[in-house]
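First comes the structure, then the notes that go with it.
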């Protein structure tokens with residue numbers, strides 16, 4: 001593994017080039033005892049001042065190409081990332097994830113600046129330094145947390161923590177009288193860029209809170225915080241509490257409206273179902289009625305059958321013309337049928353003439369007999 005030559009150091013004390021001379025035998029015999037990357041996530045990451053690293057092996061510098069090819073298991077690539085990490089959010093976590101996955105075998109050290117340095121160079125923070133330290137310890141990508149990290153990285157700090165590379169976004173970070181606090185790191189070939197996550201930052205979160213300050217103040221008053229704790233005046237406190245009562249009434253009215261709408265919808269659904277069932281029953285009833293009492297219904301057919309039976313029972317059958325009884329008595333002739341012809345008679349002129357005509361008619365009858 002190449003070692004650093006003393007003649008290739010820049011003015012800042014950071015080595016700029018690497019020699020290809022093989023290490024001496026004494027250097028190979030000494031094993032690395034530096035902390036290894038965390039294999040389990042059941043405990044938070046340790047602080048740098050608690051690890052007590054006593055590794056005596058010389059820390060040989062690596063190029064980015066060598067680090068990407070991979071290193072021995074006992075020689076992880078030590079990557080450093082620093083920041084304020086106020087209101088730790090997903091953008092911070094993604095940046096640390098990128099720093100952790102830059103190389104196959106990496107050990108991620110995260111430096112967190114103290115409150116004094118942050119308030120001096122950047123401004124007031126929402127979380128204090130202890131809270132920010134703890135937030136970083138519980139990030140799964142972090143192997144070690146360095147408290148009170150320097151604002152500008154010095155050669156002594158890099159050598160103390162045996163840092164191979166520094167990971168940060170490539171945007172120049174002007175602060176502390178410098179156009180870019182990572183300029184000397186970039187010149188030394190130790191800078192590895194990461195990508196920022198758009199749409200999320202600590203400043204954006206604070207802007208949301210300030211924009212909706214009244215909403216959050218009312219919410220916290222409702223949850224039991226006092227006006228003194230929220231730094232709210234007496235008048236604003238009463239206004240917020242009154243607004244909370246108004247919102248409660250609005251919520252109740254809204255709930256009643258929603259319930260009434262649900263009730264109306266249920267009634268409409270049930271009435272619709274009821275109407276459908278009633279229509280089905282009506283169609284069934286009408287169909288059954290037509291089948292029974294319609295023009296070709298069963299009732300009419302039954303009435304016709306009964307009527308025909310009654311007619312057959314009431315009217316006897318006529319005997320045929322050539323019946324046996326008529327053939328047995330051939331001598332008997334049917335009685336003659338007489339047709340009375342109309343006679344024109346003049347009215348009798350006298351009672352005697354009328355009696356004479358009647359007597360003549362009776363005599364004629366006796367002669368026929």
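Every residue gets a Cβ built from N, Cα and C, even glycine.
Features of the protein shown, as given by Swiss-Prot:
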REGION    1-27  region 'Disordered'
BINDING   84, 85, 92, 122, 168, 169, 173, 195, 196, 197, 200  CTP binding site
BINDING   122, 151  phosphocholine binding site
REGION    309-369  region 'Disordered'
MOD_RES   315  phosphoserine
MOD_RES   319  phosphoserine
COMPBIAS  319-339  compositional bias 'Low complexity'
MOD_RES   322  phosphoserine
MOD_RES   323  phosphoserine
MOD_RES   329  phosphoserine
MOD_RES   331  phosphoserine
MOD_RES   335  phosphoserine
MOD_RES   345  phosphothreonine
MOD_RES   346  phosphoserine
MOD_RES   349  phosphoserine
MOD_RES   350  phosphoserine
COMPBIAS  351-362  compositional bias 'Low complexity'
MOD_RES   355  phosphoserine
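Features recorded in Swiss-Prot, as mapped to the structure shown.
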residue : record                      : DSSP (3 states)
84      : CTP binding site            : coil
92      : CTP binding site            : helix
122     : phosphocholine binding site : coil
151     : phosphocholine binding site : coil
168     : CTP binding site            : strand
173     : CTP binding site            : coil
196     : CTP binding site            : coil
315     : phosphoserine               : coil
Other CB atoms within 10 A, centred on residue 92 (CTP binding site): 23
Rounded Cα separation (Å) that holds between residue 92 (CTP binding site) and residue 122 (phosphocholine binding site): 17
Cα-Cα distance, maximum over 84, 85, 92, 122, 168, 169, 173, 195, 196, 197, 200, record's CTP binders, Å: 21
Spatial neighbour of residue 122 (phosphocholine binding site) that is closest, considering only the binding-site residues 173, 196, 200 and their CA atoms: 173
Which listed residue (122, 168, 196) has most other Cβ within 10 Å, given these are binding-site residues: 168
Residue 315 (phosphoserine) and residue 151 (phosphocholine binding site), distance between Cα atoms, whole Å: 131
Integer Cα-Cα distance in angstrom, residue 315 (phosphoserine) to residue 200 (CTP binding site): 109
Sparsest-packed of the listed binding-site residues (84, 200) - C-beta count within 10 angstroms: 200
